[in-house]
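Worksheet: the structure to be examined is printed underneath.
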């Protein structure tokens with residue numbers, strides 16, 4: 001991976017297609033950087049033969065004309081001009097809107113590359129917006145989350161973060177940490193006078209307050225990440241209980257192979273579906289049983305791993321046969337081993353059960369979980385199951401209304417590290433340890449918070465974040 005400069009100075013001219021590849025009514029090709037106005041002048045002619053130069057054009061102006069390459073006209077286009085610093089990247093930018101055929105777009109982009117641009121790298125436009133100070137790192141990530149949002153809640157959360165709500169909250173906390181750090185470091189300059197510029201009692205209260213705010217953000221990740229990643233719902237149970245049939249029923253199409261032969265599913269299958277504004281990441285797992293067969297054994301091991309990562313377990317039982325007490329005991333054991341996961345017991349094949357009502361009552365009593373009667377192959381009970389699943393995560397679609405919410409694992413880990421540093425600082429304050437030791441922990445917390453907004457950043461971190469963007473964003 002090539003290293004890219006961290007400096008926010010205007011970079012070389014870059015160009016890329018900003019709209020999805022394929023056939024459409026319109027497409028956009030954009031340029032940014034040093035010299036893009038001159039490059040635009042080389043390829044664009046305004047309609048009607050009017051004398052025109054992009055170097056003289058006002059910002060936020062639109063111009064209709066033709067764009068040509070060395071072989072002649074490529075297309076009629078509309079050119080939008082953005083003058084530095086009033087652009088997304090804070091550099092000079094030009095965007096060409098053309099017809100959306102892939103050949104047209106390819107020729108237009110090539111004309112810009114032949115005239116002096118280089119092809120932009122993934123996320124380079126947004127990267128330049130961050131480096132120039134137009135947005136912070138958290139807002140840059142929010143743009144990516146907004147683009148990839150699959151539910152209304154995920155979209156609204158990304159919009160809130162893009163507007164800077166969490167950034168402002170973190171900045172306020174960072175200002176408090178900086179103030180305490182500055183007072184401690186001032187003490188070091190006057191160490192011979194043995195003076196405290198902030199009493200240790202006041203410092204302990206301030207650090208405790210800031211740690212409490214950070215811990216509240218850490219706790220918000222528990223539900224917040226479900227908005228962007230979806231609810232991890234694992235379908236588990238014994239072989240041939242109907243797990244794959246249930247997966248297909250929930251998805252509304254055949255995704256998994258269904259067979260009467262036990263052990264057909266050797267590895268887990270993951271798919272997503274959306275119900276009542278909530279996205280569920282469904283995982284169909286291998287049947288849970290003892291097996292000496294190597295491949296099936298590995299599949300079962302992976303099943304238990306996915307169960308351990310689940311937010312919601314759908315434990316499916318074949319109610320047409322088997323010992324219900326044994327099945328209830330197995331469900332209880334799974335729930336006890338994974339108390340952080342919610343569980344729904346799905347009594348499948350109730351159309352074949354001799355006493356479905358009594359069996360449901362028994363399972364509800366012995367598992368203390370919601371029990372849904374189903375005939376997955378017929379779709380019976382499917383709507384009730386979906387409603388129960390949505391009810392288990394009730395309120396998730398309203399989480400985006402919170403003013404600040406952590407949805408990213410990167411942000412969660414940085415905040416957790418910051419909270420640990422503040423915990424260390426509190427212990428040092430209580431023990432009346434030297435100011436330099438306390439200041440070190442506060443500085444560590446500052447750095448962790450700074451990693452989120454980009455105040456403290458490395459080349460590797462920037463590459464990791466922006467390489468996930470598409471070219472043109």
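Even glycines carry a Cβ here, placed using N, Cα and C.
Keep in mind it's a predicted model, so treat the numbers as computed, not measured.
Here's what Swiss-Prot has on this protein:
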type	residues	note
BINDING	30, 95, 134, 473	(6S)-5-formyl-5,6,7,8-tetrahydrofolate binding site
DOMAIN	230-394	domain 'TrmE-type G'
BINDING	240-245, 259-265, 284-287	GTP binding site
BINDING	244, 265	Mg(2+) binding site
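Within the same chain, residues at least 6 positions away in sequence whose Cβ sits under 8 Å from that of residue 95 ((6S)-5-formyl-5,6,7,8-tetrahydrofolate binding site) are 18, 28, 29, 30, 31, 79, 80, 82. Residue 243 (GTP binding site) falls within a helical segment according to DSSP. Each of the binding-site residues 240, 244 was scored by the number of other CB atoms within 10 A of its CB, and the lowest score belongs to 240. Within 10 Å of the C-beta of residue 473 ((6S)-5-formyl-5,6,7,8-tetrahydrofolate binding site) there are 20 other C-beta atoms, taking all protein chains into account. Between the farthest pair of Cα atoms in the (6S)-5-formyl-5,6,7,8-tetrahydrofolate binding residues (30, 95, 134, 473), the distance is 19 Å.
Listed binding-site residues: 30, 134, 243. The one with the lowest count of other Cβ atoms within 10 Å of its Cβ is 134.
Distance noted between the C-alpha atoms of residue 244 (Mg(2+) binding site) and residue 473 ((6S)-5-formyl-5,6,7,8-tetrahydrofolate binding site) is 39 Å.
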